[in-house]
């Protein structure tokens, strides 16, 4: 028993948390772990995710905390069992059975009698007949969009209990929390209705032959990961010298990693851990977690040295893959006793600034206040395909009248859903998207145009989308099989973005917004180590992303993130522009926090959770305020 206690205590300490002091609490933790068949590491990881969602910090302190956590795990287990019990729509037929009727030639043309689903009509279309370019959707030729097949309308007309649950909710339109970052002047606020927008940086311009995921060779992967270290090394040295942050005659370069000397050294490299192996997926040996005694630093040439971080107390988050510069003494040639750690690569990429298009060089002629709505999918409940959450969201968008609308996937999730599976058996997911989802968005933009608001809508794909490329960086949604989208002004205001993407909103310098659908906060929280005191864990994670100038600095990545190492640089922030807002969707509790260099990080939450109401974010930016670009962020229930 005591051995099990020590294992639990060790895992909590590895996460940077002080283990429970009460033995009774430890006994209950061990009991829950045994009941749910969890290892000590799995138990502590699940507790960390639960604590972040509930805005708790540290290990469980009382028996009540453990009891609530046990109920949470049981609820998740029951939900998983219900999903596993749902049967497939079409059961495969055992043609080897004696009960199977003989299939004649005529029967071959009526395969549905034998349990074979109808082939989607669109699959028989030739691709060149329905080819549609990505990016701006206003390039079609038809006068109207093809509105829904009979199959879609029949399925949309089916009434389900989840629809009643959704309609009967009581928190519709309520502001859950409002984060104010600058005091507004007196008087009523007026918002600009026409705002220029510009894509600052796209992580991937269309589909190209340079996507190498699953075809990367190990030497290429090593070279691609070390290229970022190579770019940062000289910049780190110049910056620290210019700021007089380095000791005179400090040694740098390869000798800092391997030559024993009592003199101070400067070493730049990416963080690694000892005995990297396995993955976090079931059935594979779990990967070791980072801690103060297992941290390594790898140079751009592959030299590796161990780090002694006992003297570091600057409140920094470290995770495998991050690029840092360390100062210290390498007395034995194998370990650097670190006295100073520099993880801020943000200023290293700052350049003279990229010249913007002419329409963005002008100053704002209106009030300078721009309203932006950001919402994350899924956009329909798990038991319905009626997209009622999307309808309610767009109804609130019509009332708010924002100049920019950002919708982040998944739009048609790949996750198992009886309602969606029934639709996918009849039509392609991209047809459901273009015949149901896009027309709803188009009608909303047309309604805003009638009210004098020329709104721009940006769509960011998700790895869980049924018709998106499963690779990071992720290209825009592929609608080549969806048919003719038609032409309209509203459709021309819908932009398909890559994942991640960076846009500029407003005249003049405008406001730079970084967008992604990657679950980087959850992955980073599971893999990082925080040294020294921090305000809160979420702020520390967001600060780490800003300092690393990357939407996914973690490497090796999570098992669910298919990184193409050739595109690592495309995950970084644009070097010529400063970031103002970073959208980082997550299953964690929604938030809006101002972190390093006044970057406001926002998790809007998802607009629906199973059949329950979720949240979205309404962001008001002030183009005329040179210091506090973001006035407020409101998290609102759909």
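Here the Cβ of each residue, glycine as well, is placed from N, Cα and C on the backbone.
Please treat TrEMBL annotations as automatic predictions, because they have not gone through curation.
Across the domain 'DNA polymerase alpha subunit B N-terminal' (6-70), the prediction's mean pLDDT works out to 84. Summarising the annotation, TrEMBL assigns domain 'DNA polymerase alpha subunit B N-terminal' to 6-70.
The helix, strand and coil residue counts that DSSP assigns across the domain 'DNA polymerase alpha subunit B OB' (261-341) are 0 helix, 36 strand, 45 coil. For 261-341, the entry in TrEMBL reads domain 'DNA polymerase alpha subunit B OB'.
Per TrEMBL, domain 'DNA polymerase alpha/delta/epsilon subunit B' is recorded for 373-593.
Per DSSP, the secondary structure of the domain 'DNA polymerase alpha subunit B N-terminal' (6-70) breaks down as 44 helix, 0 strand, 21 coil.
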